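Record features, source TrEMBL:
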- 9-279: domain 'NADP-dependent oxidoreductase' (DOMAIN)
- TYR45: active site, proton donor (ACT_SITE)
- LYS74: site 'Lowers pKa of active site Tyr' (SITE)
- HIS107: substrate binding site (BINDING)
Amino acid sequence: NDGHFIPVLGFGTYAPEEVPKSEALEATKLAIEVGFRHVDSAHLYQNEEQVGQAIRSKIADGTVKREDVFYTSKLWCTFLRPELVQPALEKSLKNLQLDYVDLYIIHSPVSLKPGNRFVPKDESGKLIFDSVDLCHTWEALEKCKDAGLTKSIGVSNFNHKQLEKILNKPGLKYKPVCNQVECHPYLNQSKLLEFCKSHDIVLVAYAALGSQLSSEWENQNHPVLLEDPVLCAIAKKHKQTPALIALRYQVQRGVVVLAKSFNKKRIKEDMQVFDFELT
């Protein structure tokens, strides 16, 4: 809604801590080589240095120009106080060694106590929250856009009420361009998608192949999306993998989809999402 374009297929770079950071470097390089033009990372992932290096090396060898690559970074929850927003983005740019990002989004609508810990907790292991008005955070993001540090600004993990809070803000200068949320056939977000479309906000899907986070976050007894019989039957019919069916499903609903894999074969395979159509 601000005149810029976002490639519909993105490469996600989140990896658990045990994965060496060098893998993000190699995987991002390969992703750009096979045709990905949208790369999604975040300060929280602690790999922006490597991802930036991958992008710069692909610019240096002539594979792409800077303007060909759409790069997203995210403002972490401990930086939601307005005065911390621009320094946080500048830190990301310094790690990336890029002049600007294409999209900068609020990682989550939950404000945590500022400091040197990503997830501040008290003695009893409870999160230490901070009290910040998201509208003030948003105004700081608008200033980053005006300063040319980011081309577009958006949000992530917001529900429709939190989005409305920003949209109805007095003196709103720029609407969020997107809302990045967990979205897959088991959590299709149809109501949120409808709401976003009605406000010209793009829905960006992460965990598009079903969430595979740590056991701390999810119920290990839940069914595995990629083993779903319906998905597998559709995959068989189209002679594609269940993963490609799940990605194609999002593309056809008008959702921007992030594919996340550090596996060479799968990174190449994900580009085939444009080779077929679902009924």
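Glycine too: its Cβ is placed from the backbone N, Cα and C atoms.
HIS107 (substrate binding site) sits 5 Å from LYS74 (site 'Lowers pKa of active site Tyr'), taking the CA atoms of both as reference points. Distance from the CA of LYS74 (site 'Lowers pKa of active site Tyr') to the CA of TYR45 (active site, proton donor) is 10 Å. Of all the Cβ atoms in the protein chains shown, 20 others lie within 10 Å of the Cβ of the residue listed as 'active site, proton donor'. Local packing around the recorded positions LYS74, HIS107 was summarised as the count of other Cβ atoms within 10 Å of each Cβ; on this measure the leading residue is LYS74. Mean per-residue pLDDT, taken over the domain 'NADP-dependent oxidoreductase' (9-279), amounts to 96.
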